[in-house]
Structures are given as C-alpha cells and as structure tokens.
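As recorded in Swiss-Prot:
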- 1-25: transmembrane segment (TRANSMEM)
- 26-35: topological domain 'Cytoplasmic' (TOPO_DOM)
- 36-56: transmembrane segment (TRANSMEM)
- 57-75: topological domain 'Extracellular' (TOPO_DOM)
- 76-82: transmembrane segment (TRANSMEM)
Amino acid sequence: LPLSYGVVCVLGLCLNVVALYIFLCRLKTWNASTTYMFHLAVSDSLYAASLPLLVYYYAQGDHWPFSTVLCKLVRFLFYTNL
C-alpha cells in the first residue's frame, strides 16, 4: 500500500501541477468543461498531497505520530476526493 500511494502521489502531484499551469497560464477562454477539469485537477492535487502522510503511517505499522487535527485533515482530504 505505501508503494502504490507513493507512486500515485508523485505522478498525481506532477501531472496535476502541469494541468493547473495549463489551465491558469495557457488557456484564454473557459467554458463549463474547462471549469470542471480545473476543479478536478485541484481536487486531485489535494488528494495527492495527503498521500505522503498516509505512506508514512502505513510504513510505520499503523502508527500516527502527528496531531489529531492533522489526522482528521488527512482523512478528510483522502475520503472527500475519492
């Protein structure tokens, strides 16, 4: 599980940053599908950003050394973006 989350994190962050750059810097006109794709890239970026902490959690044998607030935030980002 940590390996797959790590791959998804790296690819997800890199490719979504490229997509966000294209949406924000290259596209001149937006329509409904462009807005949808932009929001999808933002959502996927938030999901991918939550994965490094989950990789650490699972690699340490289900031990969460961070705060309870951070735990809830990571789980919120993870589950709302599935």
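All residue numbers here begin at 1 and follow the chain in the order shown.
Just so it is clear, glycine is given a Cβ too, placed from its N, Cα and C backbone atoms.
Distant neighbours of the topological domain 'Extracellular' (57-75): 1-2, 5, 50; these residues of the same chain sit at least 6 beyond its ends, with a Cβ under 8 Å from one of its Cβ atoms. The DSSP breakdown of the topological domain 'Cytoplasmic' (26-35) into helical (H, G, I), extended (E, B) and coil residues amounts to 5 helix, 0 strand, 5 coil.
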